[in-house]
Amino acid sequence: MAKRLEVLTDIWTSLLLVWIMCVSLMSTTPLVNQSKSLQTGSVMGLHGPGEGQRLLSRAKRGWVWNQMFVLEEFSGPDPILVGRLHTDLDIGGKNIKYVLAGEGAGTIFAINEKTGDIHAMKRLDREEKAEYTLTAQVINRDTNEPLEPPSEFTIKVQDINDNAPEFIGGPFHATVPEMSQVGTFVTKVTATDADDPVYGNSAKLVYSILEGQPYFSIDANTADIKVALHAMDREMREEYLVVIQAKDMGGHMGGLSGTTTITITLTDVNDNPPKFSKNLYEFVIPEDLSIGKAGGKVKANDRDIGENARSTYSIIDGDEKDVFEITTDPQTQEGIIQLRKPLDFEMKKSYTLKVEATNIHFDPQFSSSGPFRDTATVKIAVEDSDEPPVFSKSSYQLQVHENESIDTVIGQVAARDPDSATSLIRYFIDRHTDLERQFNVDVDDGRITLAKPLDRETDMWHNITVTATEVKNHSQISRAIVAIRVLDINDNAPEFATEFEAFLCENSKPGQVIQTVSAVDKDDPKNGHSFIYSLVPEMLNNPNFTIKNNGDNSISVLAKHDMFRRQRQEMYYLPIVVRDNGNPPMSSTNTLTIRVCGCSKDGIVQSCNVEAYVLPIGLSMGALIAILACIILLLVIVVLFVTLRKHKNEPLIIKDDEDVRENIIRYDDEGGGEEDTEAFDIATLQNPDGINGYLPRKDIKPDLQFMPRQGQHSGPNGVDVDEFINVRLHEADNDPTAPPYDSIQIYGYEGRGSVAGSLSSLETSSSDSDQNYDYLREWGPRFRRLGELYSVGESDKET
């Protein structure tokens with residue numbers, strides 16, 4: 001009831017406002033040429049038709065209401081009356097007619113032509129269309145002429161509360177950090193209502209929580225959802241389902257409502273410290289554990305997740321804590337205890353450590369909860385292991401002279417068993433490092449001796465590997481590298497650095513340097529090389545050459561006179577002794593070859609051969625080469641000339657018996673007819689009626705004499721040539737006197753039955769010009785082609 005009263009009050013208020021506006025307009029606006037008007041509403045005024053034609057006259061009009069209202073969703077047995085149109089022309093018996101046009105005219109809205117009443121014919125929905133614009137006009141019923149200009153008005157659909165609020169896009173999800181303060185904003189969800197938001201309270205929404213108390217609250221007007229409970233802990237409960245309701249009509253009774261759900265998840269904060277699962281961890285680690293290998297794992301659990309649960313481990317106390325280190329596994333968040341130094345059971349059998357786990361990310365707002373760290377004790381027991389022998393040194397360096405005798409002791413290696421229950425050690429040389437077997441080692445005491453002579457000039461260093469093995473357990477092996485340096489002794493004599501060959505000019509001056517000679521020594525003395533050069537004793541008084549020490553381990557060979565001639569002696573051999581400064585000193589004799597040569601005035605060697613002196617005086621080597629080249633060229637010209645003369649005497653035309661171009665080959669036989677081929681000797685064919693006797697072969701002489709084969713008698717005229725030839729082929733294949741190469745086979749059969757007779761032109765009395773070959777066409781296709789060829793030949797001759 002209250003709702004209806006409120007609606008009626010709004011309607012009357014709107015009507016009053018419209019009436020005031022109309023009165024104001026009519027009192028201030030002059031009406032010119034508007035003698036007629038329609039009034040919409042409950043009453044419409046109409047002026048007389050003659051008054052509108054008077055100039056400067058003022059026509060009085062009725063009230064103009066340009067809006068009508070109709071209630072949506074109205075359903076009844078009869079159409080609902082929307083409003084009534086009336087004109088001043090409608091005075092009793094006037095013949096007028098009301099016409100309605102515009103949106104929905106005739107379908108949704110209908111007008112009574114006589115009374116002007118407008119009815120809504122269908123149920124209207126404001127949410128589908130809230131306003132309709134129509135045009136009304138008065139016309140003469142008989143002539144359909146307009147009696148008044150058309151007037152436009154609107155029909156508005158009045159809203160009723162027929163749509164419930166809706167949450168678009170739900171259900172919703174939201175997050176809020178755990179331990180948030182009361183009133184912390186979480187999220188905001190709003191609903192929409194299709195009803196008119198400016199008319200009544202149909203679209204005025206009020207929000208409330210149906211489920212989710214006492215954890216969360218919602219603002220009734222803004223729909224802001226906030227935390228309502230203090231210290232909500234994610235580790236206790238992580239997810240909450242909140243049901244939100246939106247109700248229209250301001251939340252009053254009779255309003256429509258809609259609901260949605262919001263899943264609120266508490267996100268983690270670092271409000272929990274790490275905690276070891278136990279206070280004491282015990283591990284047993286073998287003493288042979290490798291450096292960097294894991295010896296045990298500890299775990300501090302954290303109720304937080306993600307980055308807030310990450311912890312780092314450290315050793316904060318313990319005896320010899322530098323022997324171990326602890327690292328964090330990023331995947332499992334475990335603390336891994338590893339070795340930093342080797343363990344020795346015989347030295348220390350147990351260790352006690354104190355480890356600490358600390359959160360990496362710290363939240364200051366929870367500092368009052370206590371330190372975010374925890375400690376635990378770790379006890380490590382070292383387990384004894386059978387360790388391999390340990391050498392006194394990781395590597396040894398020994399020295400030996402290259403002239404030492406076999407079985408000389410070079411040095412000694414030593415190893416011990418580090419276990420408490422010691423074992424004897426045996427020593428061996430890894431022969432892969434001593435392929436030449438130049439050294440031996442004593443299996444009991446590790447003394448290394450020489451097995452083969454050494455040569456420093458071949459190998460200066462020898463690196464061998466010595467192994468130490470326990471007698472009780474052969475799998476326990478250790479290795480040590482022994483580097484043996486071979487010391488030098490003076491066992492190599494010096495010699496020339498290269499094979500020197502000196503050239504001496506005939507016009508050289510006394511004291512001129514012929515050659516500088518140096519020496520090398522394979523030995524390597526500590527103080528370096530120092531060579532002494534001298535001539536052999538029998539050459540000390542050499543009249544031709546002498547030597548001079550240059551002070552840098554080299555000498556210069558000098559000429560004593562200028563009387564050297566190639567005619568007298570072409571070569572000189574000068575033996576030189578080279579001695580080193582070793583202990584004992586070593587020496588060698590090397591011969592320097594000196595060749596006497598002819599040189600230019602500038603001392604440039606030109607020729608070192610004796611034959612050069614037989615040439616005329618003043619003839620140089622270049623001239624000699626030019627003369628030889630001219631002689632060779634003349635010889636070549638003579639040979640070419642003789643060759644050309646010889647070829648001129650030969651005829652250019654080929655002899656008749658050698659010319660094979662277009663020669664006529666004469667066979668002196670008639671031919672064998674159609675069955676003849678080039679594979680057979682036609683001249684040897686015989687009469688088929690005769691008796692084929694044995695014909696001796698002339699190409700070979702058979703070792704055995706066979707009786708002649710009996711020739712087959714030919715039959716009558718109907719003998720088969722193919723069969724006859726096949727028989728002869730079979731006989732030839734089976735003849736043991738036949739050679740294994742191609743030879744002439746004799747077939748004593750000429751052939752019979754040819755109706756053509758002889759084709760020879762010798763037997764014809766007619767000349768070639770008179771010969772007619774038309775009869776050949778009757779003998780078959782082959783002879784027809786032959787006749788055409790001969791005919792063509794005759795025609796060519798005539799032309």
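Please read every residue number as a count from 1 along the shown chain.
Glycine is treated like the rest: Cβ placed from N, Cα and C.
Pulled from TrEMBL:
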DOMAIN    87-167  domain 'Cadherin'
DOMAIN    168-276  domain 'Cadherin'
DOMAIN    277-391  domain 'Cadherin'
DOMAIN    392-496  domain 'Cadherin'
DOMAIN    496-618  domain 'Cadherin'
TRANSMEM  12-32  transmembrane segment
TRANSMEM  613-642  transmembrane segment
Practice task
Go ahead and report the DSSP secondary structure tallies for the domain 'Cadherin' (87-167): helix first, then strand, then coil.
Solution key: 0 helix, 36 strand, 45 coil
Problem - the domain 'Cadherin' (392-496) [mean pLDDT, rounded to integer] - result: 90
Problem - Within the domain 'Cadherin' (168-276), residues counted as helix, strand or coil by DSSP - result: 3 helix, 46 strand, 60 coil
Practice task
For the domain 'Cadherin' (277-391), give the DSSP counts of helix residues, strand residues and coil residues.
Solution key: 13 helix, 57 strand, 45 coil
